[in-house]
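Engineer: One structure follows; several queries about it will come next.
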Amino acid sequence: MGSITASFILITMQILFFCEDSSGEPNFAERNFWHASCSARGVYIDGSMITTLFFYASLLGVCVALISLAYHACFRLFTRSVLRSTW
């Protein structure tokens, strides 16, 4: 757990303090995370409509899969406890 926290802090520090401007030079004057030079490379925040639909469809699929796995696990535990109980 400690190595995950250390890695997270290291990555956050790199994002916040080593942003580059358009010329490729480190921009220490603007250490604002929301500055355009600090945005992720190759990942657009405002995507097209198809990208948005694909994202939400994927998110819905993951949610349905997690809910079905949780339901299956609870149903299996309930069935096992009912079969072991004596009436």
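Just so it is clear, glycine is given a Cβ too, placed from its N, Cα and C backbone atoms.
Per Swiss-Prot, the features are:
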- 1-24: signal peptide (SIGNAL)
- 25-48: topological domain 'Virion surface' (TOPO_DOM)
- 49-69: transmembrane segment (TRANSMEM)
- 70-87: topological domain 'Intravirion' (TOPO_DOM)
Engineer: Please list, for the topological domain 'Intravirion' (70-87), how many residues fall into helix, strand and coil according to DSSP.
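Structural biologist: Helix (H, G, I), strand (E, B), coil: 15 helix, 0 strand, 3 coil.
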Engineer: Along the topological domain 'Intravirion' (70-87), what average pLDDT does this model show?
Structural biologist: 79
